[in-house]
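See below for the structure under consideration.
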Amino acid sequence: MIEHNDMSLNKHLRNNRDRFNFSREMLSLYYIQGSNDSAGEPLETIEFALKGGITCFQYREKGTNALEGQEKINFAKRIQSLCHQYEVPFIVNDDVELALHCDADGIHVGQDDTSIEEIYPQFKDKIIGLSVGNKDEYTSSKDVLQYVDYIGTGPVYNTLSKHDAGDSIGTKGIQQMRAIDQRMPMVAIGGIQSNDIQSIIEAGADGVAIISSISRAKDPELATRKLREVLNQVKR
């Protein structure tokens, strides 16, 4: 399952088992949203982001007024349908049951969420992401990294989107993580704006995970396009 290569986005579509083949390029512009994160209508915001050029989508349904039960399942399936229309991987945050029910393209778990070793047999043909915020968490996670396609590192900067995000690590933290492991695909997360992208990529991240810079934008599609343009310029 793990293919640490640099295939272009239009080449990592689906293999013969109807799965997305993982590539680093998927992490370039990684968008995270739930039903309660956007300034506008949630599904419209997600479609605007897809039109604008996100390369991966993570469904994260947490916090005040978060959907539950069948409502959550129905919403997830609608997002998944949109993602697949745009040939973008649909990742579920933390919720193993939902990811299996929807046959999601992958799952992302945190340090205090479900054990990677426990879920690996069910997700070995899918994309698996793990939050590894800093070098201490990397050390404590070392035994399970063999099961992981990529890590999410941060918060790089202070963020209001995730209240339990921990202390910011800055680009120096990204550099430290890359020095520890030069091969593991890594997406940076936490308070990232367009003018931060160049320094983050130069520090060693393969991409940036975005929440509020898209979800709270007056024009989410335009905001996404601008982020993608910056990434394209930096990665030339």
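Backbone N, Cα and C define each Cβ position, glycine as well.
For GLN58, TYR59, ARG60, GLU61, LYS62, ASN93, SER131, LYS162, the entry in TrEMBL reads 4-amino-2-methyl-5-(diphosphooxymethyl)pyrimidine binding site. For ASP94, ASP113, the entry in TrEMBL reads Mg(2+) binding site. The domain 'Thiamine phosphate synthase/TenI' annotation in TrEMBL covers 29-214.
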Minimum Cβ neighbour count within 10 Å among the binding-site residues ARG60, LYS62: which residue?
-> LYS62
Cα-Cα distance linking ASP113 (Mg(2+) binding site) and SER131 (4-amino-2-methyl-5-(diphosphooxymethyl)pyrimidine binding site), given in Å to the nearest integer | 10
Using DSSP reduced to three states, classify TYR59 (4-amino-2-methyl-5-(diphosphooxymethyl)pyrimidine binding site) as helix, strand or coil.
-> strand
Which residues in the same chain, at least 6 apart in sequence, have a Cβ under 8 Å from the Cβ of TYR59 (4-amino-2-methyl-5-(diphosphooxymethyl)pyrimidine binding site)?
-> GLN33, GLY34, ALA76, ILE79, GLN80, PHE90, ILE91, VAL92, ASN93, ALA104
Where does ASP94 (Mg(2+) binding site) sit in the DSSP three-state scheme?
-> coil
For the binding-site residues listed here (GLU61, ASP94, ASP113), which one has the lowest count of neighbouring CB atoms within 10 Å of its own CB?
-> ASP113
Let me know the most crowded of the binding-site residues, choosing from GLN58, ASN93, SER131 and counting other Cβ atoms within 10 Å.
-> GLN58
Secondary structure at ASP113 (Mg(2+) binding site), reduced by DSSP to three states = coil
Which of the three DSSP states, helix, strand or coil, fits SER131 (4-amino-2-methyl-5-(diphosphooxymethyl)pyrimidine binding site)?
-> strand
Local confidence of the prediction over the domain 'Thiamine phosphate synthase/TenI' (29-214), expressed as mean pLDDT | 95
How big is the Cα-to-Cα gap, in Å, between GLN58 (4-amino-2-methyl-5-(diphosphooxymethyl)pyrimidine binding site) and ASP94 (Mg(2+) binding site)?
-> 10
